[in-house]
């Protein structure tokens, strides 16, 4: 009997395994390609840049901008100056015997700074006192003679001319006595000047003379300098264009004028930090410098910690009146980088947009915005750091925060 599988090859289990493997691989590859196509199809429905509807929309807090009265802030460069600065110069001749003070320390008015060798001045004082004693003796002698002649002239025992001569001699002796007394006072003053004292209270600088140096009253040798550092002045020199813009704003009604004689001043230090104490202007120059086209403004600020030093460069933010329709934002809503200040706004489609802004300064914990925003714009105040431009966001109204936040 012939096999029912005539003409057919007999398939063993060893022959079937490679064939089955090839079939399984083709099925797996087809399934994988189908999954990739499905994922690609899902990605096509999103917005470029990761802002598609399929992406997670972060929740952010927004504040709607409204025009309202805000301080009109002007930022100006300035320099710190001492309220009082006294150059300590020699008022007596002699050799500097010793330096009494420590450089860079605070001293009281009248504190001794240097000692000039007093021996020559002491000798001059003794000489002046001797001359005074001689003048006193001469005056006493002439006074006695005048007294006797006054009695004799009444009895006509001496001539009137003799009496008048005695009277003139007395007056000369009296003048000589006054001159001798003045010489003593002058010599005493010169001796007092040998102890060089601080004319004001303040911080004393580096010594300009060393021990053993010859100083002279005639040449007024500079010995050191004392600066009063609390309070201090800060001077600004706004251009006439800046002042003219302010005046035009006031004239048009856009700016409500304030107390121009006492404008509030906030300082920014060289490292960008804010000086903790505010001051106010106390003087405005009435004329324009023809060389620079600017006017000088001066502010006065307390400086108890001596952080502000004469000659230091600062930037001052002056509150020059009030903008009637100004825009301000919380400090935390503004990002400041190398390219300037920016905020993140939310448009009508709920998409985040980065917006450059120009800042005028800070007032009561809020940035005053000069340009870049309009009334009605929605600005992200919390959560902007986790949002990319072009991304959809879930905008919620911001809660009121205390000033300075």
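Cβ coordinates are placed from backbone N, Cα and C, and glycine is handled just like the others.
Confidence across the domain 'Multidrug resistance protein MdtA-like barrel-sandwich hybrid' (84-223), taken as the mean pLDDT and rounded to a whole number, stands at 90. Annotation comment: TrEMBL describes 84-223 as domain 'Multidrug resistance protein MdtA-like barrel-sandwich hybrid'.
Look at TrEMBL and you will find 125-194 tagged as domain 'Multidrug resistance protein MdtA-like alpha-helical hairpin'.
Here TrEMBL flags 231-317 as domain 'Multidrug resistance protein MdtA-like beta-barrel'.
TrEMBL lists 328-384 with the feature domain 'Multidrug resistance protein MdtA-like C-terminal permuted SH3'.
Sorting each residue of the domain 'Multidrug resistance protein MdtA-like C-terminal permuted SH3' (328-384) by its DSSP state yields 4 helix, 37 strand, 16 coil.
Remark: secondary structure over the domain 'Multidrug resistance protein MdtA-like barrel-sandwich hybrid' (84-223) totals 70 helix, 29 strand, 41 coil, with classes taken from DSSP. For the domain 'Multidrug resistance protein MdtA-like beta-barrel' (231-317), DSSP puts the residue distribution at 13 helix, 33 strand, 41 coil.
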